[in-house]
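In what follows, a structure is listed as structure tokens, so that the remarks can point back to it.
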Amino acid sequence: TMDTARTAYLLDICISHRRPILFVGPTGTGKSVYIKDKLMNNLSKDKYLPAFVNFSAKTTANQTQGLIMSKLDKRRKGVYGPPMGKQCVIFVDDMNMPAREVYGAQPPIELLRQYFDHGNWYDLSETSKISLVDIIIVAAMGPPGGARNPVTPRFTRHFNIISTLEFSDETMVKIFTTLMSTHMKAHEWPSDLHSTAQQIVNATMNVYKEAMVNLLPTPAKSHYTFNLRDFSRVVMGCLLMKKQSIENKKTFIRLFVHEVFRVFYDRLVDATDQSWLYNLTRTMVKDHFKENYDNLSMVFGDYMNMEAEGEDRLYEEVKSIDEFTNVVQLSLEEYNQTHKAQMDLVVFRYLLEHLSRISRVLKSPGGNALLVGVGGSGRQSLTRLATAMAGMTLFQPEISKSYGIPEWKEDLKNLLRAAGAQGKKTVFLITDTQIKDESFLEDVDSLLNTAEVANLFAADEKQELIEAVRPVMAQNAGPNTDFSPLAMFSFFVSRCRDNLHIIIAFSPIGDAFRNRLRQFPSLINCCTIDWFQPWPADALELVANKFLENLELSDHERKEIVPICQHFHTSSRNLSEAFLSEMGRHNYVTPTSYLELIASFKKLLNEKRETVLKAKKRYMGGLDKLKFASAQVAEMQKELQELQPQLIITAEENSKLLVVIEKETVIVEERTKVVQADEAVANEQAAESKALKDECESDLAEAIPALEAAQLKVNGLIKGPADITIVKSMKNPPAGVKLVMSAVCVMRDIKPEKIPDPSGKGDKILDYWGPSKKLLGDMNFLGALQTYDKDNIPVAIMKKIRSEYMTNPDFDPVKVAKASSAAEGLCKWINAMEVYDRVAKVVAPKKIKLAAAEQSLSETMAVLNAKRAELKEVQDRLAELQFNFKTATEKKQQLEFQVDLCSKKLDRAQKLIGGLGGEKTRWTQAAGDLQTQYDNLTGDVLISSGVIAYLGAFTAGFRKRCTSDWTKQCQVLYVAHDITCSDNFSLSATLGDLIKIRAWNIAGLPTDQFSVDNGVIVDNSRRWPLMIDPQGQANKWVKNSEKENKLSVIKLTNTDYMRVMENSIQFGTPVLLENVAEELDPSLEPLLLKQTFKQGEMLCGVLCIRLGENVIEYSSDFRFYITTKLRNPHYMPELATKVSLLNFMITPEGLEDQLLGIVVAKERPELEEERNVLILQSASNKKQLKEIEDKILYTLSSSEGNILEDESAILILDSSKVLSDDIQKKQKIADITEQKIAESREGYRPIAKHSSILFFSITDLPNIDPMYQYSLMWFVNLYINSIMDSNKSKILEKRLRYLTDHFTYNLYCNVCRSLFEKDKLLFSLILCANLTLAKGELTREEYLFFLTGGVGLENKRANPDSSWLSDKSWDEICRMKDLPAFRGFLDHFQDNVQEWRKVYDLKEPQNAQLPAPWDRKLNEFQRMTAIRCLRPDKVVPMIRQFVLEKLGRKFVEPPPFDLAKSYADSNKAIPLIFVLSPGADPMAALMKFAADKGFDGEKFNAISLGQGQGPIAARMIESAMKDGTWVALQNCTLIIICSKEDVFEKLLFGLCFFHALVQERRKFGPLGWNIPYGFNESDLRISVRQLQIFINEYEDIPFTAVTYLTGECNYGGRVTDDWDRRLLRSVLKDFYSPPLVHEHKYKVSPSGNYYVPPSMAYEEYIEFIKAFPIAQQPEVFGMHENVDISKELQETRQLFDSVLLALGSQAEGGAGKTDDALNEISVDILDKLPKDFDLEAALERYPVTYGESMNTVLVQEMERFNNLLRVIRSTLINLRKAIKGLVVMNSELEAVAGSLLIGKVPAMWMKKSYPNLKPLGSYINNFLARLKFLQDWYDQGKPDIFWISGFFFTQAFLTGARQNYARKYTIPIDKLDFEYDVLPFDETDDGAPPDGVYVHGLYLDGARWDRKKGVLSEQHPKILFDTVPIIWLKPNKTDNIKTGRDYNCPVYKTSERKGTLSTTGHSTNYVLAIRLPSDRPEDHWIKRGTALLCAL
């Protein structure tokens, strides 16, 4: 455009010629863009080095220097610049943003100015000079206004200033139309849409312009500022859409409307503005697009297709809100699955709209948002959800206790690395609670504006970033891309801008929001603003329905509950407003409170329903069992009748059967005997044969093994006959074989053969080998061996075997085996046969015998078996008979049992009905009550939930007010809709558990309803409690009740509190965080929000929480309590929504109860002990009864089947009932005793009530001075001391009177000790008024009227006599008629005005008798009220009199400070703290007291706390703790003793009197001293020591010396004002004088009431002093009695203000009214202001001439007034504009507004003004009069008489007068002074005097001008100021001026008198001294404080 071309050209010229250039223009006109584009892209890289600096409100000179120096290189020592051969072009953006310091300069700008002026700076560390070379500065700034400041011309003169105007309409249309058309063509949009580009731009233009005119940034809407960025946001928003999403032209129009709404509508704060924009948009659509739209609430977004990512996410219209809801619901579920911190959101229209708005910002490249809403409105949750839906990463700083600027910078680096280097789409969310330092915002402002933070990255870090972006840049690069470090870093910054979205969540509450917007304009300029309105009604309804959908309620109930919830929400909001206006306490109602209400309702309703139903079921079960028992009785009696006859028949049958059985039994027994005898014989025989058989078998056992072994061997030979064959084939077998074979032959009985002897002897020998061979050849040889008859071997054979073979050693199987294995087997067989035979020979006879025995036994058994069979037969018959008998008997027993059971059951039923019958009524009642409770549950729990969610922070009265309203609401609904609730709702009755509450009370929770309710809220709230606990009640309760659970107590100041927290959370022990202030550590946030999550396996994972850096396990047993001692903390919604805020301030009832307990415990310990035992006993009895009832009900309900058959159950019930009856009897006795005790205790109720009133009289004193704070513990200790110390009496009434008097006075003394003198009477009044109010002798209305004089509108009645009655008094009298006691008073007053004047004129009207009949009609207080209206100056003496009458004299004479008493009240853990007002120093008294107590010398250490003395003092205290000595932290001096007693005593008395006088004069304000000095005891002590030294050292007292030392050095050393010094000398003269020493009873006051007593003892002196009047007469000070009037009026005003403060603050009106009032005031003043003086015309008319200095005076005065006039005019004009929103309200204008509203002259005006004490209205009138005086002078010529008060700079006028005279008579001006002649008239027509000047307009203060005598004279009574006639100031030579008895009277500009020395060398207040004739000594007027004033 033409603008861009022009700008570029001018910029180019200036840079190439090295000239600084400054662009000035509104924001959004492209200044920064042009310059940055030029510097980055259109400058030669070889010649120029660009650098960028952004200023903000917080930028400092040091930051600026650091920033610029970082861009430059060091060329040589002390010279810096860009690299050689280059020029550094530094662009300073937002140049006028830095805040001005106190003198109006902007340090960063002054630094740059230094560079322009001198070309150098100074090194910040070494202060050496730094020269800067080759630098060109280019700057841009917006016009001044808002946070932008005017820049000094001394700086701007260095620049070529170019103005960049807002673009013309044509330019804007051209820019944006081109933009749109290009985009449409590039993206191939349908051609029919191309035409809409022009329409859209035109329509946007219209909306933009209308918004600028109509939506103005008023103070309440300071964010209503619009600039071109907003215009572009609409257009760019329209281009977010892709062509495929545009169905037709209408869609595009709808998109345009949507974008307009997003940019303009979303920031609007009220319905008026919204409907204005809505209508405007409709009109625009109609005018530009020719379409009609009624519904403009359309939604566009890119979130509908959840699968799409990146570019595929289409920005399109959301057709169906339901579909959108589903998408969000799914996204929310997904979010909760993937994030540890869960979000439980209700998806409804309100949420969807805000979510869509945030999503739109995230869709726009570089889009940022400012979300404005109170804490708990969902700003953070929605941002998290939108971020997740957009697939971006969220970053939010985790604030911990130690989080500071270094951590913040580190977070920013990581954030920018992620967005710029890694290219992550990131959302940076920051809330106002996370801004721990305002410099954070400066960085955020910079990020918003430039996407970077200056100097954030060090050089090496920057290098890393450049390398990180190089590859990405290379990908996107064109052929000529610049890869210089600057370009690459610029690329990094642009990526940050595209990828980073900053979302700022601010709260609009308080001034911080407005101030931040003002200081950091980017918060508005670079952000889309979304204002979160309070939830609309439909939102509240939806949320309630959503949360309650799965709660068991009838549709009907559900429908009705929702409006009640809404009502709770809105009524709580209204209640909070009332709470603020009535009590000055803040409470916020937010959507979170509403969610809390519903969540609590849901949780508590389910719990309570279950509990109540369970309890009811148990009662019903018990009743059912009783009912069952009653029903059974009749049945059982019938059954019993039927059973009796059956029992008789069965018994007869049984006896018959028994006879038969007896007969049969005899037969069986006989038979059995026979069989038993036979059996015995048979058994004997069987035994014998058994023995024989056993014997045989044991013998055989020996032979059988050998036999079996041989048999096996033989078998082996059979199986393997080869061995035998070998033997058989042997020709000459070995001897062993032969031996064996011969033995075999013998066994077979085969004879041997005779053969010749092989030895050759010729004999024949027997040989068995031959037969053996035959035998071996026999086929059956081995078989024969097997079947060998071993039992019948012939004896001969065995004999031979034994004798020949067995004895042969060779006949051994082992030996034989060597020859042959077959022979071995045969050998073994023979051996076996031998053994067997041997055994068999013994066994054989036995076997025979055995056979015979067995034969005999079998015969016997046969006979026996026959007999047994017979016996069995008989026995079976008997068994059958017995079985029949048993059955019959059982039947009989069964019948007997049934009869017995039936009678027992009858008996039990009687017992059950009899025993528990009494319970039946109670249980029926209880069950009925429970049913009622159940029916009422819905309503009761709903109200309870409301109390928990909304009412915790309110005081008892407000809570009651609200619950009764809610109960009514439910009941009104009940009539129509069945939502029932109890008639008298009680939170503790609904949710409390009596046993728990009793335990709480025992642990120290006060017993009053309010405190118990608080306990119930703590117990039931879902959030952790934060208890406002100034009296420490909650603290004590928590500590006691949680003691057993290992409670940890921490403070935020503890270094290790976080570690304690972590341990407690893990181990599940409770934590009490005490003494918190108005903010909590942000790192506690996860704990307050209970952000727990499961770690590990999802289902069985451990519950964890993240605290700061650490993740720790979270025990479900953990409990957290927070308490604050602040009386009225202001918790912002951000914190209040995270905790359950509870007001634990003690209530009068609660305190009364505690005090009653204490007094009874001390007075009647036996009674209180008995009561406490009873309480515990009752608690135990009730607990036991409850347990027994539970047991009974449990037994009844758990007994299966028929209870009457359960013997043990009946026994349990019986014993329980007996025990229960026993306990109930005890309890009845206990109740009676308790009642008696209660009656006895009630006797002491009056003192408890009285003391409670006293406590509440001191609780509001901190409103007057924060130092006046008294703890409950201190009060209770004082109370106990009074009980112990007061007089005793057996008569209760007397004792109570003693106690009341003692405690009241004791409290008064103790409180007085810590009050400043000015507040002691005030305290007496508060005490007296509260006690009188409590007795009903005074009404609250009367009391408030007395304090305020009533509040009323303009008084239409005429003042009956304005000569003496002021309008203020008359207005008050008219308002007083509304008080019941004053009916008819007004008429009487009007009819008897003169009578009342007499009262008014009295010197002491407070003691006057009022005109009849009002002297009789009014009580004391009402009488005071009437006099108060006439003579407010007498309020203080009246109050003193009132207190004196009601409470006694001692309550108006504050006790003098008694160190011994204070010491007695302190202990080693309670130090004595002396809070000193100026002039007091208790050190000497303390040292003397220490000495008296034996703590002098080494045992008393004092240290003066100054710099570096802390550690020394700490060590001193430590050693004193060990040694038991005293430490005083202050200064100390010594005490001395004197010799000339009499003289010394008199002078000492005089000196003390003087000391008292100079201190007490302060109360008379400027009449006393111009400057109130802090004379103190050290002044007195040093003077006493000097006096003593001089008396001792000198014979005659050197009065001159002691006067000089005391008056000029000790006291005078403090005095800085010359006139005060004159006064001090004058006062001291009366006391340091010979007459005082020599005269008897030397008078120190004219009346003689005060005199110096003769010598006496110390105690007598004290008594003498005490006898002085309580209220000092002014005469003692040498002052006129009129001074009392001004002093008393001042005192009255101060007293009333303080009492009203103590009663609680009244807040100011709402914002709307203040804006109107401001506008009205501004218009009123502006209308009255004349035009500025035309100085040029004045100079022309009154030129500078030698002979007339007054011309110069006039012109200079006009100039001075012009400056002031301009300031007043410009501020008022700007203020009006700011109210309308035409300019932004800055901090200076806010200060002006604040002052105007309270009728004060703004400080900004006073800076340019003359001294002034007047309120705004009078100031303006006076200002206008001064302007008129100058205008008249200009118009009419030099006046004859000058109005001396009308000058701005009076000294110039006086100099002018002297100069005229000096020039006229050519006398040096320094030799001239004025003579003063007071003329006897006020006006003159004689013209000006020949020499000098006439002046008028002065007032005499402290005296009167006697016009007749022409001298100073005493004032008339009640007339404080006197107008002085014309004074002729005649210049004369100093030497010629005579003085005489003149009084040298100072002239001051204002009655304040004190001033400061100004740059002209003159005081800002003192003008000159005028000598006035007097017929009294000068000292007389000096003490009177007489002075002349220019203005009153």
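One is the number of the first residue shown, and numbering goes on along the chain from there.
Positions of Cβ are set from backbone N, Cα and C atoms, glycine also.
Marked as domain 'Dynein heavy chain 3 AAA+ lid' by TrEMBL: 201-296.
As annotated by TrEMBL, domain 'Dynein heavy chain AAA module D4' applies to 343-604.
The domain 'Dynein heavy chain coiled coil stalk' annotation in TrEMBL covers 618-961.
Counting same-chain residues at least six beyond the ends of the coiled coil (857-898), those with a Cβ under 8 angstroms from any Cβ of the stretch are 639, 643, 646-647, 650-651, 653-654, 657-658, 660-661, 664-665, 667-668, 671-672, 674-675, 678-679, 681-682, 685-686, 689. According to TrEMBL, the coiled coil annotation covers 857-898.
The domain 'Dynein heavy chain ATP-binding dynein motor region' feature in TrEMBL is assigned to 998-1223.
Residues annotated as domain 'Dynein heavy chain region D6 P-loop' in TrEMBL: 1468-1535.
Summarising the annotation, TrEMBL assigns domain 'Dynein heavy chain AAA lid' to 1544-1682. Mapped onto DSSP helix, strand and coil, the domain 'Dynein heavy chain AAA lid' (1544-1682) counts 89 helix, 2 strand, 48 coil.
The average per-residue pLDDT of the prediction over the domain 'Dynein heavy chain C-terminal' (1690-1990) is 88, rounded to a whole number. If you look up TrEMBL, you'll see 1690-1990 marked as domain 'Dynein heavy chain C-terminal'.
Against the domain 'Dynein heavy chain ATP-binding dynein motor region' (998-1223), stretch 343-604 shows more Cβ pairs under 8 Å than any other of 201-296, 343-604, 1468-1535, 1690-1990. Residues in the domain 'Dynein heavy chain 3 AAA+ lid' (201-296) partition by DSSP class (helix H, G, I; strand E, B; coil) as 69 helix, 0 strand, 27 coil. If you count C-beta pairs under 8 angstroms between the domain 'Dynein heavy chain AAA module D4' (343-604) and each of 1468-1535, 1544-1682, 1690-1990, the highest count goes to 1690-1990. Taking H, G and I as helix, E and B as strand and the rest as coil, DSSP gives the domain 'Dynein heavy chain region D6 P-loop' (1468-1535) the counts 27 helix, 9 strand, 32 coil.
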